[in-house]
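Straight from TrEMBL, the features:
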DOMAIN    19-224  domain 'Major facilitator superfamily (MFS) profile'
TRANSMEM  16-36  transmembrane segment
TRANSMEM  56-77  transmembrane segment
TRANSMEM  89-107  transmembrane segment
TRANSMEM  113-133  transmembrane segment
TRANSMEM  145-167  transmembrane segment
TRANSMEM  179-203  transmembrane segment
Amino acid sequence: MKENLLDGQEYELKKVIGISFTASIGSFLFGYNIGVFNSMQPNVSASLDWGGDEKLYISIISTLMPFGALFGAIYGGQAAEKLGRRKSMIFSDILVIIGSLIFIFPSTTTLGVGRFFTGFTSGMFSVICPVYISEFSPTKISGKIGSLVQIMINLGVLFAFAIALLLPTEDFDKNSFNWWWLFMLSLQGLFALLQLLLFFVWLRHETPYWLLKFNKNEEALKSL
C-alpha cells in the first residue's frame with residue numbers, strides 16, 4: 001500500500017511499520033527490564049545466599065535499574081542530537097549485550113553492575129525510540145505508529161513475567177532450575193543483537209529530520 005507524503009513523496013506502509021517495529025525493540029527491552037527482576041527475587045536471594053540481608057539487597061538491586069535509567073535518559077537525549085538516533089540506539093544495543101554478558105557471572109556485584117548497565121540503556125531507549133519512530137513516520141499515520149512504543153513496553157513486561165513462570169517457587173537450593181534467572185537476565189542480549197543486526201543490514205540511514213538539521217540533504221533524500 002502506498003500513500004502520498006506531504007511533499008509528494010511516496011511511502012510503503014509495510015516498510016514504515018517494519019522500520020518502527022525494529023526501533024521499538026528498544027522499547028520492548030525497556031519494558032522487559034522493568035519487569036524481569038520482580039519475579040526472580042527469592043530465587044536470586046537463594047542462589048547468591050543473601051540470607052538475612054535479602055530485603056536490603058533486593059532494594060538495592062531494584063533501585064539500580066531506574067537509577068541507571070535516569071542517567072541513560074539524560075545522556076540519550078544528548079547522544080540522539082550529536083550522534084544521531086540510529087547510532088545512539090546501536091550504542092545502546094552494544095551496552096545491553098555487554099550487560100547481558102556480565103550477568104553470566106553470578107554474584108551480587110555483577111548483578112548490580114548489570115542492572116545499572118541495562119537500566120542505563122533502558123533510559124536511552126525511552127528517549128530515542130519514540131523520536132526515531134516519529135521522524136520516520138508520515139504525519140498521516142504518526143499517531144497510530146507511535147502507539148507501538150507503549151505496546152512494546154507492555155509486551156516486554158508481559159514477556160518478563162511469562163518466562164518467570166518456569167522459576168521454582170520452593171526448595172530453591174535443591175532445584176537446579178532455580179538458576180533460570182540467569183538466563184532471564186541474559187536473554188535481553190539476544191534481542192539487542194537482533195536489533196543491532198537489523199540496523200547494519202537493513203536500516204543504514206539516520207532519520208531524514210536529523211540529516212536535514214546538519215545539511216546532509218542527499219543522505220536525507222535517500223533516507224526518506
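Along the chain as shown, residues are numbered 1 onward.
Cβ coordinates come from backbone N, Cα and C, glycine included.
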Contact check, the transmembrane segment (145-167) vs the transmembrane segment (16-36), 3+ Cβ pairs under 8 Å, seq sep 6+ = yes
Considering only Cβ pairs under 8 Å, which range in 16-36, 56-77, 89-107 makes the most contacts with the transmembrane segment (113-133)?
-> 56-77
Mean of the pLDDT scores, which run from 0 to 100, over the domain 'Major facilitator superfamily (MFS) profile' (19-224) = 94
